[in-house]
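Reviewing the structure listed below.
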C-alpha cells in the first residue's frame, strides 16, 4: 500500500483497468424496477443500479433492443429511457439490435412482424431503415452511442428464413444494410459496428462464418469495426480459456478487427451443472470470489491477445438468477436482499 502510493499516477493508471470496455448488460433493469426491485450498494444503501456499477469501475452498458415486442419490453422507447440514465451515470451505450420482436440467439432468429420473409430486397431495406431510425432517434435525444451490434449471436444467421445459413449471400446483404443504416445516421460520432457470434472459443465455427460471409463480396471488411463473442464456460467442456485465446487471436489477425467478449457469466451456485466445466477453469470456486477470479483470468486472456473489452451479462436480473443456465445463480447481486456482491468491484481492475 505504501509503495503504490509512491508510484507516479501515470504508472498506477497503466497497471489497472487495461481494457477499453469494462461493461455489463443490464437490459432488464427497468423491468426489475417496475416489479419493485431496489438495489443496494456495498454499504447496504439503496442506490440506482447503474450508479452502483459506475462507482465500481463499469464504463459501458450493453442494451438489447427488440423491434416490436408484444408488451413493449426492450423496444426503442424502453432503451432510450435506459440509455439516458446510463449516459447520465458517465458510461457509454452499446446497442444490441436483435432484429427480432423477441430473443435472437443461435436457435431463434425470427423476422419481426411486418417485415418481409419472402423478398430479400425488401428485407434489406427494412433493416437499413430500422437501424437508421434507431440511431437517429438516439441522436435526436442527444444520447451518444458507442457500439451498435447488427444482430445477436448470428452464427446460424439472422432474420430467418431469408437470412439463414442456407443463404450466406443474404446474410452478407443484411449485415451490410444494417451497417450502413448506422453509418448514414445523424449521430455526431459514428458508433463502432460490431458483429457477434456465440461460442467464442470455437475457432472453426468463427472462421467458417466470417470466411463464408466475406467471400460473397457483398459484405466488406470496412463495413464493421469490432468482432464480439459470447463466452459461457458452463455450456461446453471444450470452452477452455486456452481455446478462447486461440480463437480471439485468430479472429484479430485474420480479419483485422478488435475483439471483445460481449456476454459472459460465472456462477456463485451451480450444484448440478448440465455440462462439465472446462479443465482450465475447474479450480475456480462457485462464489463471488470465483466471479472475481474468473473475470480476472478472462481479462488477462483478452489483454494477451490485444482484446478491448468484457461485458458481464445481466449481473442484476434478480428474477432470473440462473440466467438461462443449469446453474442456480450467476448474479453479482444477492437475489434475496438485492445487495450487490463483493465481486461487483472487480470491474475497476479489469
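Just so you know, glycine gets a Cβ as well, placed from its N, Cα and C.
Worth saying up front: this structure is predicted, and the values here are computed from it rather than measured.
Features as listed in Swiss-Prot:
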ACT_SITE  153  active site, proton donor
ACT_SITE  263  active site, nucleophile
CARBOHYD  129  N-linked glycosylation site
SIGNAL    1-17  signal peptide
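A map of Swiss-Prot features onto the structure.
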{"residue": "129", "record": "N-linked glycosylation site", "contacts (Cβ under 8 Å, 6+ apart)": "181"}
{"residue": "153", "record": "active site, proton donor", "contacts (Cβ under 8 Å, 6+ apart)": "104, 105, 106, 196, 197, 198, 230"}
{"residue": "263", "record": "active site, nucleophile", "contacts (Cβ under 8 Å, 6+ apart)": "25, 230, 231, 232, 311, 313"}
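Look at residue 153 (active site, proton donor): DSSP puts it in coil.
Taken residue by residue with DSSP, residue 263 (active site, nucleophile) is part of a strand.
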